[in-house]
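Here TrEMBL flags B:12-29, B:41-60, B:67-84, B:90-109, B:116-139, B:165-188, B:209-233, B:245-262, B:269-288, B:294-310 as transmembrane segment.
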Amino acid sequence: MSASEQRQGVNQAGRESAAAKPRWKILLVRPESVTFVLLILATIVASHLSPFFADLGFILESSTYYIEFAIVALVLTLVIIAGEIDLSPAAMMALTACIFGTVLKAGAPVPLAMAASLVSGLALGAFNGFFVTVLRLPSIIVTIGTLILYRGLAQVLAGDKSIGSFPSWFVGIDYRMVGIVPVPVIIFVLASIALGLFLGITIYGRQIYQIGTSEMAAIHAGIRVRRIKMGLFLASGLVSSIAGLMTASRLGSVRYDLASGGELTMVLIVMLGGTYIFGGRGSILGTFLATWLLVIIATGMTVANIAINAQLTVMGLLLIVSIVATNWIYARSQR
Amino acid sequence: MSLVRRLARAREAGILVMLVLFSLVVGLIEPRFLSGETVRIVLLAIPLIMVAAMGEMMVLLARHVDLSIGSILGFSAIAAGMVFRDHPEWPLFIGFAVAILSGAALGFVNGLIVTLFRLPSIIVTLGTLSLYRGLLFILSGSKQIDPNDIPEPIIRMAQTSPFGIPWIVIIAFAVALATWLFLTFTQVGRQIYAIGSNPGAAPLRGIRVVPVTILVFTLSGALAGLAGIIYAARFGYVNPGITGVGFEFTVIAAVVIGGVSINGGIGSVAGTMLGVLFLGAVQVALPILGVSGFWQNAIYGGIILIALVIDRTVRAGGIRGLLARGTA
Amino acid sequence: MSTPGTGPLVAARGISKSFGGVEVLRNVDLDLAVGEIHALLGENGAGKSTFAKILAGVHRPTQGTISLAGSPVEIGSPIDAQRLGITLIHQEPLSFPDLSVAENLVIGQAGGSPLKRVRWSELAENGKRLMSLLGVAIDVRQPMRGLSIADQQMVEIARALASDSRLIIMDEPTAALTPKEVETLFVIARRLRAEGRTIVFISHRLEEVRAICDRVTIFRDGEKIETAPTASLSDADIIRRMIGRPLGEFIHRGTSHVGAVALSVSGLTLPGRFENISFDVRKGEIVGLGGLVGAGRTDVARAIFGVAPAASGSIAVNGKPVAIREPTDAIANGIAFVPEDRAIAGIFRTLSVESNITAAVPDRIAPHGLIRRAAEKAIGLEQVRKLRIRLASLRQPIGELSGGNQQKAILARWLLSEPEILILDEPTRGIDIGVKAEFYEMIGDLAAAGRAILLISSELPELLALSNRILVMCEGRLTAEIPRAEATQEAIMQAAVPRSGVHSHSAGAAA
Amino acid sequence: MLRNKWMLVAALGASLLTGAAYAADPVKIVYIPKNTGNPYFDSIIKGFEDGCKKLGCEFTTVAPATAEATSQIPFLTAQLQRGVDVVAISPNSPDALNQVFDRARSKGTIILSVNSDMPGNEDHRDAAILPVDFTKTGPSQVELLGSQIGYEGDIAILSATTDAPDQNVWIAAMKDTLEKDPKYAKMKLVTIAYGDDDPQKSTTEAEALLANYPNLRGIISPTTVGVAAAAQVVETAKKADKVKVVGLGTPNQMRRFIENGTVDAFQLWSPYNEGLLAAYFAVGVKNGTIKNEAGTVVEVPELGKVTIGDKSVLKTQADLTTFDKKNIGDFNF
């Protein structure tokens, strides 16, 4: 346990304080740097792989399939920086979307159904938060449980029927454009800026980093750890239901298997963005860049007709490599 | 304190009571459930889960988790199936060896990544869940292994044996017995409990945490591989896109129902067997009661959460400890 | 001092050790003879525990060599140490709560293949034998979970006995033990010595060292100061060597005016931790809180600060009863708490010094939720100047600072909150001797400025030097209140050590 | 397997060389099955390949890993970006793809729904290629089972999911036939079980059928996963002589049970022909030789004449093919 050794080392006192690191070195170990380099590399490779790739309109259109996960991943970034994890958002997307569909089918107007979906998202997030902050159970296990439970409830609610025939104004958010940019991408960019500022310049963002760095120290510094964590799980539930609604709008229908396997994609995006799996380190910028990295890789492979089995392999490898790399860089910077 | 100990000891008894109560309630609603035929069906349904559950239990005991066993099962089943299909002239045990060894190899990789880079196993195996599934598609060329490619003796394993009980049931119970012997009577078996019980103290106590952890993941993989053969025997074919998908959640549910703590160190073979039996009974009861299969996942998820809360309660020293404020 | 004809069992030469660029051991030479009990003395952070851990393979030395019985050895891991016949009894007992006591006695012991059979009846027999040898009544079949710290410590000692080692290192083994248990331990230690084994004994209690140790080695600031036969040094000699200067210099000449009661605690109880704790702290007063490790002092402090609130009892600030459910409540009532374990509960290791200093006063750096960099920097610089914190940059991660400067930053954090009541839990643990003096000065000044201070410390000289009054806790209860005039090390120890000779199994928490 | 890998390489190669490869501008067709690794769709693909070999069209196939509602969408978009002329797809959802289809069609791409239609959303695709007249599936299955059990006794149905649209249409027809046709008056449908197209669930459900209904004489399972599971269960329970299993299955999946006598006969159609017909139809429509409207006759050398029906539905054959010991050796899919 090198961390505890280091801790003991600090504990057992030292004499000299080390000199501060030069700026370029700090920049080099910034979590987003690797992501940025990879993004450029991936774009070059993808352009060579298929002549159909290098088309901004197409990339933006394809990005809408991942943007919903990416928006959730922004909040998940905060959750992971705070030292927790939420594996259930994809299941929450499905369940809240199915609730939306069910309420709508029962004759309620769209705004009411949307409200029901958002409220249920908050409730599901609160349920996760209750287990984590009140019962003090590890979030990684709790949300594996709720991942199965929420997906199961979606299945109970909707069977394997697809619930559709939404009013036409609600359908097709991804075809609404601002210039050549689809609305979901605009939402994602705005959400990134908002959450980036939240994390960067507000006191709550600061406290999220502090909690993730040392929860004990945060408690002892009078930071309301439980309240903030509960807030993060609520945010995760809320943003999942928003993403669920966006998916419903894009597809024009919902089914229990909506966004299935999305937890992998979300964790992958956050990890690719250089956020440290054990908390205390990471950034919205990293997640933002990682989203485009994923879009480029996935779209590049698909448009080059690379078979899905290779894609699964690449995604699994990417996840592992990205965590290993982040950890390695982190450990290096600590030396 | 005595309450804690009593509860901890009562884990297996508690599951047994749950199992009996469940059977009685289902039997009251639908008397057909309490028949010899049900026992036969349950016995046929559980070997697949039981074999993999023994591996997953060891992983949980060491305070890790393996989410990739479904993909490992699929990979091993495909690998063995390809041996059976492409080399029908080879003796059958080669197929067995291929399944178990390929499973062990994939499990070994899990263990290696987890220990070498000190990463949370849940994230690593979430990655290999996808990675191994991709590899198995590549290996199989996306072709399924058809029933007539699976040798007759393998299929018969799910039907009969010289003792009248199907081979797969005998294998499952033999694996459970071997696991029990291993965990109870070998040094390394006890060390698995020790690592899960206090991972920080283990290396200071002279336990080789890295090799033991790798061993645990390797065993989990090997047993998932063996489960791959059982899958082929029971269902008669192996499909790269279906075989083993979602299997990890079933197995984890069975293991935690069996009283194995997700925080490591606590759990027994007997408890896990009861957990598997309970899950088998639920699986069989649902169709008999005419409950939609759509409930199955919700029930699994609920069971895992309830088991978590019970475990937390026991560790906190009862309800009062659980509700006590402050940091534990 | 080693027996003529045979060389020393252990010969350590030039041992140095650094953690993250910070040197905690410097060029230590030490011989341990066959069949001796050798005390390692020194203040907290002097390097004695680190040295012990190097011998036991927990840490690897940065430099230096170790020979065992004449041949050079590499002790790369606890497993290597075991194989070489070296056992360490850890300061805080290590245990596997889910395994039985009997298993805890032997698990991980070297020898035998991994598949070697575990013989349960033998294990139990062996365990019973060891327990009766130590004279404790512990059912070896029950799981470790739920054993008191003292019982766990006895199991830890039994484990060392079972290991058949030639070098046994005991790192403060008596901290949680009753006098009777300590006596049993000494009997066994002497017998082990008679068998030709070597024992390294780390303790703060000089009378214990005098009782059994043949030789003492004194550490200070990571360096070995002296090795000498125990009998050749007086207590005063030893203390002088440990602290590097006479004790007298530390005594804070209290000039503060003791005013009205600032903090009043009555009937505070948290089952299993502490019971019926009542005391007052006045403005301008430093109240010391002494006791053994695990006596519940830290738990009381955590309860007052709201980290782990008490189940019953009341707290009043300036005469008004207050409800403290979480630290925020305590802070709102002008209470500040510098926790004992700086690395875990104090600093945010990878974050900047600046953000560490301002962590408890979000409103001052971010009046409307938005952080004002300029304000934060100004506050940070002011504190750095005031407390003379040595650093390269305010944006530097605090983990890169020395222990003393880290502690100053934590103190700065709390001074910013302008507390009326300051709880200091082992404030000088792991801090350089020079900086320590600065701290004593600061604590005195804080009291002089009218703040009420509750000082928890295991270092008796520190308590004696700074406190107006000293409270003593033992097994979760307040056992004495000693005015400064009557306070002596003996008086404090007498109240701190359990008298009954029987542990209450409920008082089992680490302080 | 070897051939498959070669195909992959060829597809990859073709994709890298696009631009230079088609001087004659052949029709580009892509087929997106429900998911990869499903042998049923491999036969459809074979049909497309053979068709395109003759017609000179350019054919590729891509598939998602899972048959989840939205998993086909990225593939669909990518193919449109690649500029394909015809997208043939076996949709995973009757409506989740509507938006993408609409946009593709507005750009002139032809969308064909292959093997199953999109009930209620027919105006989002150009045409549907179905394997058989689905109204005949129900009665035909009842007759097949009836002939094996002497038109007498308890029977059960093991279906896919409760909401599976095709299966529900067939089951309704089965019920209707059993009720109205006096020939089947002595056959009693005791229950309908749902195996969710999951091998484990289907197996347990089939076992529950045997346990719950000791007098059961036959099981109809109109889904490939279910019929294999039912056969396997009956074989394991050694009740092949007592309980007859019929249903819709693929020859390779069912060969074992036919050969060892567990199953006397089962039915299906030719997925190969679907691919073939789809290829001919697509090329014809694209080149303007076939008018996509009801009543038009499409001629395929191997199949003969197929008439476009209502809502642009084409059926490759009228009746189901019955597979038994005599003919199963002739099929490999």
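Just so you know, glycine gets a Cβ as well, placed from its N, Cα and C.
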For the transmembrane segment (B:41-60), the distant same-chain contacts (Cβ-Cβ under 8 Å, at least six residues beyond its ends) come to 66, 69, 73, 107, 121, 158, 165-166, 168-169, 171-173, 175-176, 179, 183, 192, 196, 216-217, 219-224, 226-227, 230-231, 234, 247-248, 250-252, 254-256, 258, 260-262, 264, 267, 269, 272-273, 275-277, 279-281, 283-284
So which of B:209-233, B:269-288, B:294-310 is most in touch with the transmembrane segment (B:12-29), counting Cβ pairs under 8 Å?
B:269-288
For the transmembrane segment (B:269-288), the distant same-chain contacts (Cβ-Cβ under 8 Å, at least six residues beyond its ends) come to 11-12, 15-16, 18-19, 22-23, 26, 30, 32-33, 38, 41-43, 45-46, 49-50, 53-54, 57, 176, 179-180, 183, 250, 253-260, 295-296, 299
Might you confirm whether the transmembrane segment (B:165-188) is in contact with the transmembrane segment (B:90-109), defined here as three or more C-beta pairs under 8 A between residues 6 or more apart in sequence?
no
Under 8 Å between C-beta atoms and at least six residues away from its ends: which parts of the chain pack against the transmembrane segment (B:67-84)?
52, 55-56, 90, 92, 94-96, 98-100, 102-103, 106-107, 110, 122, 125-126, 128-133, 135-136, 139-140, 145, 149-151, 154, 220-221, 224-229, 231-232, 238, 240, 243-248, 251
Assess whether the transmembrane segment (B:209-233) lies in contact with the transmembrane segment (B:245-262), where contact requires at least three Cβ pairs under 8 Å among residues 6 or more apart in sequence.
no
Within the same chain, where does the transmembrane segment (B:116-139) have neighbours whose Cβ lies under 8 angstroms from its own Cβ atoms, ignoring anything closer than 6 residues to its ends? I mean 6 or more beyond.
59, 64-68, 70-72, 74-75, 78-79, 82, 106, 109-110, 217, 240-241, 245, 248
